[in-house]
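**Q** Under the heading ATP binding site, Swiss-Prot lists 94, 96, 97, 117, 129, 130, 180, 187, 266. Marked as active site, proton acceptor by Swiss-Prot on the basis of sequence analysis: 256. Summarising the annotation, Swiss-Prot assigns Mg(2+) binding site to 257, 266.
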C-alpha cells in the first residue's frame, strides 16, 4: 500500500484490534485520494464526547484525514469482508466503498470504529466506483444524529467532506465522504460470511473477538456462544421496539445491515412515518413491502435466525442439540420485543403500571389512527397536551369511546395526572426528521451550498422532547402532494 501517514494531533487515539482476526475478514486498503476536499459539516458535540480536537480537524491536514488523503500515523486502514441476505437472497458483499481507519479509544476508555464512507474502490466494490454523493451523506448525517437525540442506539456521523469530484449516478452529482463512528461494524452478515467461506476456527475467532469487544460481562461457566446469541437477540429486541415506538422505517433490513452491537446502521432508504399505516414503505426497491413498518419485528427475528444458523457448530457438538438450543433462543425474541414495545407504548400513554388489558387499549388506538389517517407523531403529541381536537381524530365517535377508556385506565394507577403528562412528554417527541423538512435542507445544501437550513433543522432535532415553539415549523405535516414520499438507497 502507498504510504501516506502523518503525525497530526487530532485527538484520534487509534488501534485496530480487528486486524488481530484472520485475514479472511479484511483487506488492507488505503482510501482513494480526492482532488479538492472541503469540510461541509462537522459534529462538534460528538467531537467533544470523543475527546477530539475540533480546531485541528478543521485544518487542511485535518480535512485531508477526513477525506482519506492522509491517514493518522497509528491507523491501519482496512475494508471489511461480509456477506448478507438482501431481500431474502444470500450474496457476497463487503465494504464496497468504505475504509475503517481504526478504533478510537476515548479518554474514558471507550472504543469506537472510525470509518470513511465513500472513500473509493475496494476489493469488495463489485464493479462500483466506491464513491458517495453529497446528498445521501448529508442525509445519513441528519438522520443518524436525530436518532441519537431520540435515544435510539445508532452509528454516529462525525463529519462530511466534499471531495471536489463529480460522480455519475442517474445524473452528475457532487462527491462526498462521511466519517462514521460506530461501536463496531460487526454484522450478522460478518458471521454469515465466515460461516459460508471460512473454517470453524475462523468462526470461533470472530465469535470470541465479538464477545471480548461487546459482551465482556459474561459468565464463563455458561456456553459463551449461546450467551452471545442471547445478548444480540436482547439488543435487537430493544432496538426494533424503539424503531416502532418512534415510527422509524429502516427500509433495507438485510442481514448485513443488522449490527451485533445493537446499533442502527446504514440509513439508505430510511424515513419516518407520517400517517400511521403498518404497511408504510418508502424504499423504491421494496415493491413487495418486505421491509414495511409493520413487518420490521418479523424481519428482525428472521435475521437473527440466520445469525443462529452460523453459530450452530459452536453451540453444541451434536447438530440436533445445537438446533434445539438455537431455536429456543430465537423463540425469546418475540416475547422480548413485545415487552419492550408494550412498556414504551405505556409510556407514550402516560401509564406507569401494567394491566393485561393494556395491549387491547393500545391496539384499539392504533386501529382508529389507521382508519382515519392520523399522523403518528402528532397524535401522541396531541394526547400529551390533551388537544386532540387539533387532529383528524377530534369528534370521531370511536376515538371518543377510546379516550374515555384511556382516562379510566389512568385513574387506576397511583401516579398523578401531572406525572403521567411528564412521562408522556419524555416518551413522545415533539419533532422528528419529517421527510419533507429533510429534503428541504438537503436541497438548500446540495443545490445552493446553503447549509443554514440544515443547521436549523439539526438544532431542532437535537432537542426532540423540548416542546419549544421554535419546533412548530418542523412538526407541520407535508402537503398532500408530497405525501407519497419515496427513498432511494444512496447511502
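Each residue, glycine too, has its Cβ placed from N, Cα and C.
Help me picture where these features are in the structure shown.
**A** A sphere of 10 angstroms centred on the C-beta of residue 94 (ATP binding site) encloses 23 other C-beta atoms.
Taking Cβ-Cβ distances under 8 Å and a sequence separation of 6 or more, the neighbours of residue 256 (active site, proton acceptor) in its chain are 82, 83, 84, 85, 86, 93, 187, 188, 189.
Residue 266 (ATP binding site) counts 23 other C-beta atoms within 10 Å of its own C-beta, drawing on all protein chains shown.
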**Q** What is the interatomic distance between the Cα atoms of residue 257 (Mg(2+) binding site) and residue 266 (ATP binding site), given in whole Å?
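**A** If we compare the Cα positions of residue 257 (Mg(2+) binding site) and residue 266 (ATP binding site), the gap is 6 Å.
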**Q** Going by DSSP, give the three-state secondary structure for residue 256 (active site, proton acceptor).
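**A** Note: residue 256 (active site, proton acceptor) is helical by DSSP.
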**Q** Below 8 Å Cβ to Cβ and six or more residues apart, same chain only. Which residues does that give for residue 129 (ATP binding site)?
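**A** For residue 129 (ATP binding site), the qualifying residues are 97, 120, 121, 167, 168.
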**Q** Could you check what DSSP calls residue 94 (ATP binding site) once collapsed to helix, strand or coil?
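**A** Residue 94 (ATP binding site) sits in coil per DSSP, no helix or strand.
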**Q** Based on the record's binding annotation for ATP (94, 96, 97, 117, 129, 130, 180, 187, 266), what whole-number value in Å is the widest Cα to Cα distance?
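**A** Output for ATP binders 94, 96, 97, 117, 129, 130, 180, 187, 266: max Cα distance 23 Å.
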**Q** For residue 129 (ATP binding site), name the DSSP secondary structure in the helix/strand/coil scheme.
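**A** In three-state terms, residue 129 (ATP binding site) counts as coil.
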**Q** State which of the following binding-site residues has the fewest other Cβ atoms within 10 Å around its Cβ: 97, 180.
**A** 97
